[in-house]
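Worksheet: the structure to be examined is printed underneath.
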2 protein chains.
Amino acid sequence: MALLETSKHCQGSVLGSVNPDLGSERQTASFCVERLTALLDGGAEQTRIRRAVVEAIESDPIFSRENQYFQTQNERYEAAVRKAVHLQKKMHEMGWTENGPEYKYIYRALSGDVAFLLHRVFMRSISVLGSDRQVAKWIPLATQHKLIGSYAQTELGHGTYLQGLETTAVFDTATQEFILNTPRISAMKWWPGDMGRSATHTVVFAQLYIHGKCYGIHPFIVQIRSLQDHSLCPGVTAGDIGPKMNFEHIDNGYLLLKNVHVPRENMLSKFCEVRPDGTYVRQGSQQINYFTMTSVRISLISDEVLTPLQKACTIAIRYSVVRRQSKLKPGEQEAKILDYQTQQEKLLPQLAAVYAFHFTNDYLQELFDKGYREIQRKNFDMLPELHALSSGFKAMITQHCTAGVEICLRACGGHGYSLLSGLPSLYTKILASCIYEGENTILLLQTARFLIKCFMAASAGQPVPPSVTYLAAVKHGKCPAKNKLDFLSPDIYTEAYQHVAVRLTSSTAAKLQDLIQSGVKKHDAWNQCTVQLVQAAKAHCHYIAVKNFAETVEKLETKAGIQKIMKHLCDLFALHGIFSNTGAFLHDGYTSAAQMDMVTAAYLDLLAVIRKDAVPLVDAFDFTDKSLNSALGSYDGQVYQRLYEWAQKSPTNQMSPAYERYLKPLLHNTLSKL
Amino acid sequence: MALLETSKHCQGSVLGSVNPDLGSERQTASFCVERLTALLDGGAEQTRIRRAVVEAIESDPIFSRENQYFQTQNERYEAAVRKAVHLQKKMHEMGWTENGPEYKYIYRALSGDVAFLLHRVFMRSISVLGSDRQVAKWIPLATQHKLIGSYAQTELGHGTYLQGLETTAVFDTATQEFILNTPRISAMKWWPGDMGRSATHTVVFAQLYIHGKCYGIHPFIVQIRSLQDHSLCPGVTAGDIGPKMNFEHIDNGYLLLKNVHVPRENMLSKFCEVRPDGTYVRQGSQQINYFTMTSVRISLISDEVLTPLQKACTIAIRYSVVRRQSKLKPGEQEAKILDYQTQQEKLLPQLAAVYAFHFTNDYLQELFDKGYREIQRKNFDMLPELHALSSGFKAMITQHCTAGVEICLRACGGHGYSLLSGLPSLYTKILASCIYEGENTILLLQTARFLIKCFMAASAGQPVPPSVTYLAAVKHGKCPAKNKLDFLSPDIYTEAYQHVAVRLTSSTAAKLQDLIQSGVKKHDAWNQCTVQLVQAAKAHCHYIAVKNFAETVEKLETKAGIQKIMKHLCDLFALHGIFSNTGAFLHDGYTSAAQMDMVTAAYLDLLAVIRKDAVPLVDAFDFTDKSLNSALGSYDGQVYQRLYEWAQKSPTNQMSPAYERYLKPLLHNTLSKL
């Protein structure tokens, strides 16, 4: 290959200098990239710690993901287990602890490509749901990896609706044991991570029966594999559920239980206990359970949802200044594809959204911390609002970011479709976030239920939580904007979003009441409003996201150009939402057609403004080449060389038996007939 | 497993009777399913032929796709080559010929999972672009598989913009040869199917140079591998481009050429010839080339785009009547998820769309046939319209159907995410259709260019092609609907779509003119309008699709309930488009807010109506279980058994070395410390 400098380690290697088409984009940044990185990290000290963790992980070849796109499901699983085991050693070596400041960066640095993630859920569920004695017994065993835990809730036939779970746990007073069964195929536990091949124990959720009476769903610690030779325990059938769209590294499993006995002490009993005589005792508040789901939904946003979209934006935007296609001006060289308005319109709103949601996440985290402090003081008042916001934003942000990653993928044309671009795996992974931890439509309907309740209360003059007080103040005005520049005023667009959220909530509440008053049964009426209820919930979340972004920008430091560029992104996020959803704003005439044309003009103008800072804005996410694992997204922009070098390493470039077996007979058979 | 009847061949086996939750859906069909199938096939005789082909293919184990989801890229490639070779034999046995009525069903019956598809493109390009002598030489060789052909146009750095291709072919009068080179890495041919490992020959597109002058892109037949031992020819470097999001069975390849010599006779010379002395002669019309692209874009719609969405709808709708989740009414059993309005709103519009596009495809095919007849009479007048429609519809239908498959996947929750559902591979494959044969945004802009041109002509009173005459008749009326039932009138909604298409085209044309008049250069002005031009092109296609569906329904037989159910689907297709895009209809007040509320009400009512026939409507697509290859979509609806039986066959359920290597030391190490 005289054509190019071939390097042995395409991913780690410096292939040469930075592609000048990419380099030039960095010359003209309107803000200080390093300072924006620090803002995103929560301070320069956090940036320093994060980089140290990334450096330590990425310099260790055991954590390499270089071959990931070439590996089978079995190879991925094995590598993930190896990494999980090695991580224990690494943490010890580095002096990292589970409570240290480095901990939260480890998972991100590994890009989640590690086993035993459910082991942590196993531990958390015991900590939250177990009695002090249970915590004292199991947590040290788990911490020291004397067992490997999983968490078995979802069944083949049952997901979100927990009351429908079919697994049973019957208490036998004679033996002081629970007898667990999955009585039908639909009751089989299905999906739990780490359970297909690794776990020795799991927390099983089952319907508790005592003396023939059902007490509902309770958690039980069940050993499923021998600690000596890993064989399945008596009565247990378990295995791997096979190939999925992503998560090849995780052994999502199935579990059948046939008369499996566990001692009475294995029911997690912080809140409910079964006494030796079969007496069922409920103790303490179960509201904390509710809080746990909230906590999980908020915590997944950052690592599982925002990071993938940040990576996708980085890859697609860097590629879009390196790729040249067609001529924008006659006689000139082919243009960078990011100079086309249509390409800007695909990518820049995704960039604005990922910044918007970064600040939404901060907002939720703060609210959550406040809620947690209140709960510790036995005040549960914030829970309904927290639940509604965490459900709605989990749904909205996963939905928006999944669509965003797909847009980035498509915007890279054919090369985006190659696994080596990194984009397909980002997409297939983030897609799952729309489904797990509560299916999005169901979550939005929970938010909507809260909204309708609060709207009714507010209409009746009753107090409502802070995030929904706006529902009380229904204004019937018109949007006051007079020209396109007015739409760069946060007051103008925030008010417009608020107006839409109120309108959709109030009109759906009215439809619901009308139906009920006309004699439709309550549950039927609710079902007939669900499409519109989902719209209302989305509008509510969108309003809060816009308002929060605008308020955040207001408070930013004005130095180093940070506030200015964030203001542009905030405007773009808001105007893109209006431009993509004009009907909601036009419907009752709050916004006129002439104003909508101003929105369009202001929105398209903004694209051209932000395009100039597009590369610095993705550079600020501070991803290393190894963490992007993408031939299109590397810092130096040497796209074509990377694609070529990397493709040559594919197992498909080793000799295939297909030639000897099929092609040679085909070609030679006919040749011999000549 | 006493729990369930285990069968050796999960896919082909009859696991038992039809799931009663699915069976009951078939009892109440409002129309004759068999008659609808015949309508879709184009007659009962076509249905018979299709079924015979499917039966012959599916009963042959070599064509089985049962293990597809478990196979590596190498295994998929090998199986596809084996199938391609076996297919020759099969066709001979069955008496099928390339011109016979069975031929078009073979590819569909194989679900495209076969090699040498580019061999056919190789042959077609020689037939279309080659001289009579070239056709006489190469076509028999290709037909008898004395060589395996590919088609090398796209380069690593160049796609849609053909003028930008960098590969060169320099004519050497001394040797009467062309010398081919890929002078830079970005000039490397990249993506051609069958080229990575199989092909012996390919048609290479290169810039022709004679005596230092460039004559633009021309096609050359180049041998790349030995016919004796398949080794690469001198000067040729070729291989596989590695893993992609799908198409694992295809060896998409790369090709580097370094001073590769081909004889003068190898330039395809139907339209252009290089004489021995280097004289360049252009002969005949090249417009037919243009027509070839049109032909490919139309032909891909049926097999590559509509079939996947039909399959996805079949899988998701059957699953949605088998899956029960939560209670719709207190005290009853859990409800079928298709009984939730939100689930209907996800799936039923996709069903309506796939029927709508089936008829759009008929319309395009008819127009194409007419155009072809005209061209044979040397009349090229229809070409611009055909090009605009085929470009716009290729983009619109691929976009719409890709989004539809994704919606179906997500609507199946966790199980949709399992490869065994069949949905992930349908999605990852159809996604490519948005990119290949012209990237969608670029195609829509070509349609828009035609629209603007015709709008200008029509405004000036000049004649325009039939599909755009409506642009001349700009009406400034209002939508006359008075209640929600009026929106079930095709005249009402077709007119509304027409109004929007005219408004978007005329307003964008006005913006373009304003910009140019204000001094902006023409190409800059165009770029600044492209986001809106894309909207106009989409609105035009959407209007034609709605109008054509309504006109088709009008002509259907009224017997057997066919017309009635198709009318419902037509209404749903039209109203879903309005409901999802209200701003376009509200913008200038053509539709009022009150009317939009009627649209919403009519739309939601229709969902409940069509829901009753949802299963019969997908049954009419007449997919066998083997062709769906889905644990969720089988005709008998035994979802959970299939998932369980199939998962157990996954290679991930064989012993993994991970236990001995990593888990055992981890667990025992710590156990030994006890």
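One-based numbering along the chain as shown.
Cβ atoms are placed via backbone N, Cα and C, with glycine included.
Taken straight from TrEMBL:
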DOMAIN    A:33-148  domain 'Acyl-coenzyme A oxidase N-terminal'
BINDING   A:THR154, A:GLY193  FAD binding site
DOMAIN    A:290-452  domain 'Acyl-CoA oxidase C-alpha1'
ACT_SITE  A:GLU437  active site, proton acceptor
DOMAIN    A:490-667  domain 'Acyl-CoA oxidase C-terminal'
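Structure with TrEMBL features highlighted.
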| residue | record | Cβ within 10 Å |
| --- | --- | --- |
| A:THR154 | FAD binding site | 20 |
| A:GLY193 | FAD binding site | 22 |
| A:GLU437 | active site, proton acceptor | 20 |
Practice problem: For A:THR154 (FAD binding site), name the DSSP secondary structure in the helix/strand/coil scheme. | Solution: coil
Self-check item: Cα distance (Å, whole number) from the residue listed as 'active site, proton acceptor' to A:THR154 (FAD binding site)
Solution: 11
Quiz item: To the nearest whole angstrom, what is the C-alpha distance linking A:GLY193 (FAD binding site) and A:GLU437 (active site, proton acceptor)?
Solution: 13
Practice problem: Averaged across the domain 'Acyl-coenzyme A oxidase N-terminal' (A:33-148), what pLDDT does the model get? Just tell me the whole number, please. | Solution: 95
Self-check item: Tally of residues which DSSP labels helix, strand or coil - the domain 'Acyl-coenzyme A oxidase N-terminal' (A:33-148)
Solution: 84 helix, 0 strand, 32 coil
Quiz item: Secondary structure at A:GLU437 (active site, proton acceptor) (DSSP, helix/strand/coil)?
Solution: coil
